[in-house]
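**Q** Starting off with a structure, shown below.
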Amino acid sequence: MTSGQSTSTPRRRRGALLPTLIILVLAIIAFVFFANVYTEVLWFNQLGFGGIFWQQNISKAIIFVAAFLVMSIAVYFSIRIAYRARPVYAPDSQVQDNLNHYQAQLEPVRKVVMIGVPIVFGVFAGAAALGQWQKVLLFLFQVPFGQTDPQFGMDISFYTNTLPFFGFLSGFLIAVVLISGIAALLTHYLYGAIRLQERGIFTSRAARVQLAVMAALFLIILGVNFFLDRFATLQNNGALRSGAMYTDVNAVIPTKAILAVAAGIVAILFIVAAVVGRWRLPVIGAAMLIITSIVAGGIYPWVIQQFQVGPSEASVEKPYIQRNIDMTRSAYGINDVEVIPYKASTTATPGALRQDATTTANIRLLDPNLMSQTFGQLEQYRPYYGFQKTLNVDRYTVDGKSQDTVIALRELNSGGIPAEQQTWYNKKLVYTHGYGVVAAYGNTATADGKPVFMQSGVPTNGKLGDDNSYQPRIYFGQSTTDYSIVGAGEGTASVELDRPQGGDNSSDSKNTFSGNGGPDVGNWFNRLAYSIKFQSTDLLLSDGVNSKSQILYDRTPVQRVQKVAPYLTIDGNPYPAIVDGKVKWIVDGYTTSNAYPYSQQQPLDSATSDSLTQRSGSGALAGSINYIRNSVKATVDAFDGSVNLYAWDDKDPILKTWQNIFPATIKPISEMSGALLSHIRYPEDLFKVQRELLGRYHVTNATEFYNNTNAWSVPNDPTTGDNTKQPPYYMSLQMPGQNAPAFSLTSNLIPQQVGANTRNVLYGYLAADADAGSTQGVKSDSYGKLRLLSLPTDTQVPGPGQVFNKFVSDPSVSSSLNLLKQGQSQVVNGNLLTLPVGDGLLYVQPVYVQSSTGGSSYPTLQKVLVAFGDKIAFAATLSAALDQLFGGDSGAVTGDKDKPTTPGTGGTGGNTGTPGENPDAKAALAKSLQDANQAIKDGQDALSKGDFTAYGTAQKKLNDAITAALAAEGKLDVTAPGSTGAPTGSAPPSTPPTAGSSTGSPTP
């Protein structure tokens, strides 16, 4: 073999290796992409929403291809035309010599550049257009609103569906023309059609024609944009009001029309220049267009605003402000709110609550924001079970009566799997699901402050059924964020850990998933695809995966609904309910828009964020809107993950549009069972947005609205100690104008904060009727009714901040709280509820006590604080506290009336007196406190010596002393007979101790 042959062989091998590696890498990338698409197809098909996947992605593909072709073809032909029209110079001319250097470098790759550059820009254009798929489909399938704007008389759908599409289209076409024009300009310059000379710029005729046409196209599109801007002024967003105001209507809108015509005229001048070969007229025209846009678009409106509107703004802007009020109220569904003047009484008279006995019977004492630890300690059973940080409030019919209920699911907690068992096999095939429903009566507690469960235990049992009446296994929930492999053939041993069994709970039963909950991974191809998707070789190779295996993923209710209905904004608080023998998650979906004319923009994050979202870690909604409807109610089966979408607001034009786009995916309300309807609630996030808007838009008079003297805001939650809003609360109550109590969602409203200070007095109380009825396929007529109690400003009803301040500063309350804080205990304040009863407004706040040490501590209900007007009371039960507050007999019926407790103490707030004489009780109280202090000292000494036995003995003595002190305190009258005292507002407040106390949910 010759030396030439020996050296050429390695070169050929190296030359063949690189293309092979490139092809291999591209093949791997292509298969990974295919695996992700293929698994998505399997997921949607299994769920019965395959049409959603294909319609959505085919639409995206068409939009991508269309944008790619328009951009790439325009750029390609722009370059090609410029290249073909290049001038030819003599070979030895100075011009040709200057160009040869650049052309020589480009020529070897010229064809690649001429094709590659358009493709690159086409890909970017397609990717950008891809994100606008919803705008395109909303335009193509739009349904009219049947309502017109007050300025142009256009249907609202023009603004929500047509105008956004045209805005996208004009912006895209401007980008196409600009990029094509720049490509042509560079090509002409490179090949000498445009060059700089001492006398100016030389352009060949071909270059002049092409660039003039490109400039004319740009100006025509710009003119269309100016014309569309006339309509866009109705979507202007101001800090205090939105829409086209006087200056917009009388200066900006006419100016936009003038600029549109001017742009068209200048475009014609550029076409003329292409023919006659003179640039003077189009250049002058372009300069005049710029000057006109500055003068007419900026200076002229400023002059009108400063000298015509400013001096008489209130009267001049009045009709336009009225437009803003009317359109905002319509867009947010608050135009039918019933405003009820409510002259609230502030005097607590005996028997005042007798007429509201049905409301007081359901006053909720269990705070769902604090009960997670309590549920966990009493009902968790195994560390691999868990409950959400924030539980839910619903209502169930128990013994023929509607009962407000705190409910949660015992979900899988993967973080609780023992460390030594954290293998792939155990995490994916063994620990697959939670088990059972836990529910407690909301209006009562046991003698020692624990929840009274109506549904509990493993196996589950109680008032709501047992394992035979509903499916208790929870495969899909808010905590199930990882995938699981389930299912097996007949005769195969079960491997899924199911639930504890046996009297001592020492063993666990096994189970095999029997539903249809996920895509099939019984064949090797599907297993390979999913092993790539989840980057797991175990999934491909494990013998635990069999021919009947299914893979469950995307398992949270919000994830599942969002994927099958990508056009919806999903409420942040799905909740579980037992419905028709199944546990189902109920999820609220919203159709929204930010293009409704004259409607006020509202950032969702600021409206939906409150102390509850902060505490639970759940995110507030994102984005900014000016139109919202709760158009869809969705359910997700907690066992098999099946999703059903129901058209809750079938009159919503945006929902109708999406139904045209994705037909047969949303079921009519007629298919909702009575059991499901009985658990439908008014959604929290919608209510939060509406209460935020009603703070200002409860005012319907334009002049009063302009003065902004009657603006309200949502108060901060006083129990958290930070500047987070008070969340709305679900409770059953009877509002003025209602014939009977109804499950409702409520919120307080106080004067709007100005600067750093605000008056925390109650100006408004908003309630939404959250009861949809229980008749199959029929929504209650009263559902969603908004009632707003408007309090007169001369009636000083304390707001939640003032009431809470009275609670913590009252001497009697403080002394009792100090007693509860003895030892290593902390006081935890529950939610501060407000109820319109007794012809006034009653505040109720449960008080919990929790150990400040140990991971197994949990809050227990110990006291109840109540307030009415300027008076407060404090007792071990709500019944006792109300009787103290209302002169010994409130007339109320309460859920804890028969609760066996140690008599509690009360404070009077409005009448702070001295304890009644009871020498034996006073002596017993003093002795108990002395024993408690000694026990604390003994415990500290024992800890310092490391004697844990002695420490345990001291803690037992401390608990006994506290129990004895509470018993002695209960025998003392809070107010001596005949004592009147001074009002709380003028009484010197004691400084509440801070050691070991908490104003919110404790951190263990």
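Backbone N, Cα and C atoms are what each Cβ position is placed from, and that goes for glycine too.
Look at Swiss-Prot and you will find 503-514 tagged as compositional bias 'Polar residues'. Residues or ranges marked as compositional bias 'Gly residues' in Swiss-Prot: 904-913. The compositional bias 'Low complexity' feature in Swiss-Prot is assigned to 975-1004. The annotation region 'Disordered' is assigned in Swiss-Prot to 494-517, 891-921, 974-1004. Per Swiss-Prot, the feature transmembrane segment maps to 15-35, 61-81, 112-132, 165-185, 209-229, 257-277, 284-304; the stated evidence is sequence analysis.
I'd like to know what surrounds each of these features in this structure.
**A** If you look at the transmembrane segment (61-81), the same-chain residues 6 or more away from its ends with a CB under 8 A from one of its CBs are 114-115, 117-119, 121-130, 132-133, 136, 172, 175-177, 179-181, 183-184, 187, 206, 210, 214.
Long-range contacts of the transmembrane segment (112-132) within its own chain (CB-CB distance under 8 A, at least 6 residues past either end) are made by residues 60, 63-76, 79-80, 83, 106, 168, 172, 175-176, 179, 183.
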**Q** Which one, 15-35, 165-185, 257-277, 284-304, has the most C-beta pairs under 8 Å toward the transmembrane segment (209-229)?
**A** 257-277
**Q** Which stretch from 15-35, 165-185, 284-304 shares the most C-beta pairs under 8 Å with the transmembrane segment (257-277)?
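**A** Per the Cβ count, the answer is 284-304.
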